[in-house]
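Pasting in a structure now, in structure tokens, and then I'll have a few things to ask.
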Amino acid sequence: MKRALAFLSLMIIFAALMVALSPGYGIKFGLGGEDWKRYRYTDDYYIKHGLEDVGGMNIVTDIVFDYRGYDTIGEATVLFTAIAGAVALLRPWRRERNE
Amino acid sequence: MSDMGVIVKTNARALIPLIGVFGSYIILHGHLTPGGGFQGGATIVGTALLFLIAFGVDEAKKRINKDLYSALEGIGGLVFLGAAMLGLSVAFFYNILWHKGPLFNGRPGTLLSAGFLPIMNLGVGLKVFTGLVSAVFALALFRRWKE
């Protein structure tokens with residue numbers, strides 16, 4: 001019973017997502033022309049001004065390390081925490097080290 | 001822990017430097033070509049994986065210093081933060097090396113351009129490489145299976 005309800009709610013969420021992703025009602029794919037100017041103006045700015053603002057030819061590196069460097073700090077912190085947690089949890093147990 | 005045969009070992013001897021050089025190339029050209037610190041660091045980890053698989057855990061245990069790798073991971077993160085704080089007189093993450101710095105302000109497209117981006121790529125690459133090596137060796141040295 002519980003599992004059937006969970007499956008039913010999953011189906012409802014999936015259907016709602018499909019409606020939201022349909023081009024007639026929700027978001028569009030493959031933007032170009034006027035839609036590019038209306039919905040992707042931030043990307044337009046990065047592509048046009050990235051070279052003079054940051055100086056790197058690689059726009060992705062410009063955005064990730066300069067425009068949005070805080071995100072990269074958070075990403076590095078997540079990696080650091082994951083490594084520390086994995087190494088801390090995988091230490092040998094005290095009883096097994098003695099035998 | 002059993003290791004591989006002679007063909008695999010010889011191939012590993014030939015391939016480990018190549019993978020390392022290619023990963024270093026990805027890190028160093030992070031501001032010019034696709035790739036960067038994370039991708040290049042993960043590529044160099046391939047050398048450590050190949051070394052571990054081809055030569056066995058016992059050989060790796062003699063050559064991997066756990067404290068050194070932990071310290072280098074922290075140093076990589078500190079290099080990243082230090083590069084971010086270079087332009088702290090204007091703002092955090094202000095690219096002062098590119099706007100009026102003494103070095104790393106060459107013509108865009110050359111290796112010594114783009115301000116602190118190469119420094120950050122080096123720091124992140126060092127951090128990713130040492131961190132993933134630590135995690136993989138912690139997994140490899142885990143206690144044996146019961147039965």
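In case you wondered, yes, glycine gets a Cβ from its N, Cα and C as well.
The domain 'Na+/H+ antiporter MnhB subunit-related protein' annotation in TrEMBL covers B:7-133. Sequence annotations record features per position, and here TrEMBL assigns transmembrane segment to B:12-32, B:38-57, B:78-98, B:118-142.
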Under an 8 Å Cβ to Cβ limit, what residues of the same chain, 6 or more beyond the ends of the transmembrane segment (B:78-98), are close to it?
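Contacts with the transmembrane segment (B:78-98): 104-105, 113-117, 119-120, 122-124, 126-127.
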Taking the domain 'Na+/H+ antiporter MnhB subunit-related protein' (B:7-133) alone, what is its mean pLDDT?
85
Of the residues in the domain 'Na+/H+ antiporter MnhB subunit-related protein' (B:7-133), how many are helix, strand and coil by DSSP?
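Secondary-structure composition of the domain 'Na+/H+ antiporter MnhB subunit-related protein' (B:7-133): 90 helix, 2 strand, 35 coil.
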